[in-house]
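So the structure is just underneath, and the comments pick up after that.
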Amino acid sequence: MTGRVCRGCGGTDIELDAARGDAVCTGCGSVLEDNIIVSEVQFVENSGGGSSAVGQFVSLDGAGKTPTLGGGFHVNLGKESRAQTLQNGRRHIHHLGSQLQLNQHCLDTAFNFFKMAVSKHLTRGRKMAHVIAACLYLVCRTEGTPHMLLDLSDLLQVNVYVLGKTFLLLARELCINAPAIDPCLYIPRFAHLLEFGEKNHEVSMTALRLLQRMKRDWMHTGRRPSGLCGAALLVAARMHDFRRTVKEVISVVKVCESTLRKRLTEFEDTPTSQLTIDEFMKIDLEEECDPPSYTAGQRKLRMKQLEQVLSKKLEEVEGEISSYQDAIEIELENSRPKAKGALANLSKDGSGEDATSSPRCEEDTEDEELEAAASHMNKDFYRELLGDDDGSEAAGDPDGGSRPLALESLLGPLPTAASLGISDSIRECISSPSGDPKDSSGDGELDLSGIDDLEIDRYILNESEARVKAELWMRENAEYLREQKEKEARIAKEKELGIYKEHKPKKSCKRREPILASTAGEAIEKMLEQKKISSKINYSVLRDLNSKGGGSPPRDDSQPPERASTKKLSRRKRATTRNSADPGTSTGKRLRPLLSAQPAKKAAVGEALLLSSPALGAEPVKPSAVLVESGPVPYHPEEDADEEDAEDEDGEPCVSALQMMGGNDYGCDGDEDDGY
């Protein structure tokens, strides 16, 4: 029972069936309601043990499709791979779209394109950044936003051709017809970057008018819109007295200089370029030009046809020239006088040759004849120059009948100095002294003799020319002057703050004079004087060492070996006694360097051999212990001087190197060796 009343009978006994969703009056049987919708929230348990609300909308990329381990395990396995891909794609699209300043509608459209690419597996094997950039550029093309593919390439630092390849693939696979880009979309953007100031709108409108004219003349199809925009903006800026250089326009529209100049050249070939500024702003030509590619093809075809016609005419002219040349050669052959003497013999020899010889042999024969004729002609010419008279020639040449023809008889009269008009010049050259050199030690003044005053006046600029040249120089070096001015201002500011550091002038390196020496030793000595190898070497001691080693007396080989050995043994005994009496001296001798030269070494070897011989009856000497020097060897010149005086008083031979190094004590005193 409910509080509702039946509209048919007025009864209140109404039965509600929640399963069928209807309300029926039990009195009259009329159906009061059917398909009753319950507004309460119901939950359904799924197969995994989780619960979900009934009637809740779950999107394709929503969180409702996340798998779980069931109600007993509250551990989430995470999203599917495709859900993660879509989420990352949305994040990257919003990031790039914010940098390009795209609205939310464009971003949603780009994300829909990305979902279509993911569903068709177009992202496999391609970087996500490339696919996202292609989707954004698809939106820019379809929505008509002033963005270029080069902008996305700059943001991603990717080659523009790689992005273009991905864009074409997506457009083909997704069946999206991207419309052609209208260059007029980029004019306001580029005009704002070129900073035209108050005339920005006027320059933009003029550039748009130029672009419309280019589109009518078929310059738009197949061309990048940035190149057309750059050419239109450059012309519009010049029309409104703005000096925008080609480099400035290139830096804004992102095209190379050759492309911009090519667009200007193509526009120059149209009839619109022949109009003045006022005529262009008022008149619209109805006729359209042919596309530049078609015009270039027709020009190439005409050039090829013209080359063919010229080649045919050239062949005809060459045939006529060859016929004329043959006729001239025949006439010259007939008018040539008969040769005598050596030339006649040569002609007879040539006529006696076989007529069936090859053309190459005939050419060789003609060359030989010409050489022989030239040699005879040169002889006659030299004789005329030397002034030989006919009498002397006759006396010098007894066989005058066999003399060949003169040069005049063959070639006619030769040109003389008078006929050439150079006789005066030759006379001046002969009369002027050739050996007097010109005085080169002048007083610094220019020799202007022979130069006209008008020519000198042309070298000097007047005021207007100097002013124009100065303006040209200032315009060409404006950037350098601006940099110098900024540099001076920066230096002045640093000087005021006290942080300026003056650069020390570079010292000029003087070239050392070469070492002049007659021997290698002298050169080394001079080199050591200029630059010492080490500051720890006493070079004076080295000089004394060289003088002592070079001046040591040689051994007397004529002395009997027994006497020499006796003296050396006595010297050894005396030295042993002295060393045993003064152990400090022995230790000092051990530390002394080897000061003797090569002869002293040889003497030490000889003494060692004599001491080791059994005939003398001396005891065998034990092998000396190895000395290890732990530092620099001290040198005592006073002790060496005392020893040298003592040796001179005894009148005995020089002390050997073994004795100077304390070799007589090696292996004998164990106490001294313990110190090393």
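Placement of Cβ uses the backbone N, Cα and C atoms for every residue, glycine included.
Checking T85, T295, T365, T576 against Swiss-Prot for the annotation phosphothreonine singles out T365. The phosphoserine entry in Swiss-Prot, when matched to the candidates S258, S311, S449, corresponds to S449. A Cβ distance under 8 Å defines the sequence-distant neighbours of the zinc finger (2-33), meaning residues of its chain 6+ beyond its ends; there are none. Across the residues of the zinc finger (2-33), the predicted structure has a mean pLDDT of 82.
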